[in-house]
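Asker: Not my notes, these are from TrEMBL:
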- HIS121, ARG122, LYS137, LYS144, ARG145, GLU146: substrate binding site (BINDING)
- 156-173: compositional bias 'Basic and acidic residues' (COMPBIAS)
- 154-173: region 'Disordered' (REGION)
Amino acid sequence: MTTQDQVNPPPPEGESSISLPGIYVSLTDLPLDILSIMDKVRSPEAGAIVTFAGTTRNNFASKPVTSLTYTSYRPLALQTLSSIASSLLTKHALKGIAIVHRLGTVPIGEESILIAVSSAHRKAAWLAGEEALEECKEKVEVWKREEFEDGGVWRANRDGHQGAEVKEGNKGE
């Protein structure tokens, strides 16, 4: 093992990541850990760390949800996440930013996305954290299938959009 491998060990199986100075982005099939993402942005120069955890809720528009499944085109999604993080790092003079999105089936009550940002002062961290989430929802190549007792829909990546029903017999037609 080289010294570089010890500094930046390979990600766990089921995880793809990009790690740059002040930036960590990842797509993973594993459950998310808020403390580990906070550790990615800790800095002695930071007076604030703001985190966001997006969790799977049990309903959409009062209709019971049984599960969510996320999929992505990993190479492009990672590059988009990295671009968003890099832009926000500069724009808000952040000390660090980390964005981790879970793929595969995410059970009710578990996190599908974690965002952590650190800055010298809290206002920049608050603003950057919210902007990171909105940019991810708008741009990152991650798609969500929401399952109900009577079928499922692929959701738009924006809050409140109904999505389109996908019937099993209509694939590719």
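Any Cβ shown, glycine's included, is placed from N, Cα and C.
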Asker: Of all the Cα pairs drawn from HIS121, ARG122, LYS137, LYS144, ARG145, GLU146, the residues the record ties to substrate, which distance is largest, in Å?
Answerer: 38
Asker: Check each residue in the chain of HIS121 (substrate binding site) that is at least six apart in sequence and keep those whose C-beta is under 8 Å from its C-beta; list them in sequence order.
Answerer: GLY47, ALA48
